[in-house]
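K.L.:
After the structure tokens below, expect a handful of questions from me.
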Amino acid sequence: MFVDQVKVYVKGGDGGNGMVAFRREKYVPKGGPAGGDGGNGADVVFEVDEGLRTLMDFRYKRHFKADRGEHGMSKNQHGRNAEEMIVKVPPGTVVTDAETEQVLADLTEHGQRAVIAKGGRGGRGNSRFATPANPAPQLSENGEPGKERDVILELKVLADVGLVGFPSVGKSTLLSIVSSAKPKIADYHFTTLVPNLGVVETDDNRSFVMADLPGLIEGAHEGVGLGHQFLRHIERTRVIVHVIDMSALEGRDPYEDYVTINEELEQYNMRLTERPQIIVANKMDMPDAADNLAAFKEKLTDDYKVFPISAITREGLRELLFEIANQLETTPEFPLYNEEELSDNRVMYRFDEGDAPFEITRDPDGTFVITGKALERLFKMTDFSRDESVKRFSRQLRGMGVDDALRERGAQDGDIIRLLEFEFEFID
């Protein structure tokens, strides 16, 4: 089964907790704090494996949770960092954040990697908090939570040339003749439901990858006839070969077919109309095909070359393949997204924008509810079993302006404040 889109959940590993410990040795009174830091949580890294062809594996495993870092230990021993979690994806995979729709990575080359969910930093042990005023601190940090998100994986096939056209115009037959590909061929519409790739070699030893893309119909750019799934595979192609049935046995006018498909490409955007297009007048061995071709050329206003062929008799194929190879030599690649160039094995990570400021709302029962990524991160990294940690958390809230904001909202002594699952009283 060919799977080209799937939604998965990824979570970086949490950082290990820091430790509260003190040096206890004979003849060393008041040895001081000796709690080690926690290790960093593991990143979730997507890596391209050229041996994969579809996203089929993700249909059976959709949750990827990396390991957390090791906790800190006594004697200032730091916890071990967790090893990154490698998730293999096929070439041509585009990773998009499901919530923000931001493209996180476009993975095209073997070995290319992208950090999709960053692991959390390890919490600091109590030796990190020692000061002249507090030489024996009784506080440490919990590990930072790892980044978690839902992402959408889309596979957009890597091909130099894309065959487009209405269903049953002979695209699969053409690919099977000029390459060793074996697409399904039958006398009904939408026989091809997944892209088929084939390597084509010309008589002068030039080669390229050709993709037989499922047939398009009017409204494809809006998703009609699975149009979105089909059109995404054209995005990476450098040359579009537009196959038209000149026999008109389906009862459609060849020129109207041509106009309709080009309108769909234009509406879909992704700069598809900027690519060179070669028109292939197929089924020239059929009756009335020559007359239909003459009428087609009279109506054609675009400056595209038209190649009359018969995929069955192989008439005109040599000239067509030479023209495709010539166009590829002069046509650059069309990048899908404006991204920095990445070396094959470089790990890329797009940092999020700064944490949003906190927000304060009030429930019907009068409870003030505080939300915000920065505050929630501090909360999760606080060890509420230790008084010093709680006092530090209160100071952090005050320093961020939470107390003043609560007063402005009308908070008074004794009012209940909620942050995640933690409730406390407001003291003015």
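Residue numbers in this text run from 1 along the chain shown.
From the backbone N, Cα and C atoms, a Cβ is placed for every residue, glycine too.
Annotated GTP binding site per Swiss-Prot: 165-172, 190-194, 212-215, 282-285, 310-312, in sequence order. The Mg(2+) binding site annotation in Swiss-Prot covers Ser172, Thr192. The domain 'Obg' annotation in Swiss-Prot covers 1-158 and rests on sequence analysis. Annotation source Swiss-Prot lists domain 'OBG-type G' at 159-329. Look at Swiss-Prot and you will find 350-428 tagged as domain 'OCT', backed by sequence analysis. The region 'Disordered' feature in Swiss-Prot is assigned to 118-145.
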K.L.:
Using a Cβ-Cβ cut-off of under 8 Å, list the residues of the same chain that are 6+ residues beyond the ends of the region 'Disordered' (118-145) and lie near it.
P.N.:
12-22, 30, 32-44, 66, 68-69, 71-72, 76, 78-79, 81-82, 84, 349, 377, 380-383, 386-389, 392
K.L.:
Round to a whole number and give the Cα-to-Cα distance in Å for the pair Ser310 (GTP binding site) and Ser172 (Mg(2+) binding site).
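P.N.:
Just about 13 Å between their Cα atoms.
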K.L.:
Here are some binding-site residues: Lys171, Lys283. Which one has the most Cβ atoms within 10 Å of its Cβ?
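P.N.:
Result for the most crowded candidate: Lys171.
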K.L.:
What three-state class does DSSP give Ser310 (GTP binding site)?
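P.N.:
Note: Ser310 (GTP binding site) is in a strand by DSSP.
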K.L.:
According to DSSP, does Lys171 (GTP binding site) sit in a helix, a strand, or coil?
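P.N.:
The residue in question, Lys171 (GTP binding site), is helix (DSSP, three-state).
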K.L.:
Kindly state the mean pLDDT of the domain 'OBG-type G' (159-329) in the predicted structure.
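P.N.:
Averaging the confidence scores along the domain 'OBG-type G' (159-329) gives 78.
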K.L.:
State which of the following binding-site residues has the fewest other Cβ atoms within 10 Å around its Cβ: Ser172, Ser310.
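P.N.:
Checked Ser172, Ser310; of these binding-site residues, fewest Cβ neighbours within 10 Å: Ser310.
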K.L.:
Is Gly165 (GTP binding site) helix, strand or coil when read with DSSP?
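P.N.:
In three-state terms, Gly165 (GTP binding site) counts as coil.
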K.L.:
If I take the alpha carbons of Ser172 (Mg(2+) binding site) and Gly165 (GTP binding site), what is the distance between them in whole Å?
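P.N.:
A Cα-Cα distance of 11 Å.
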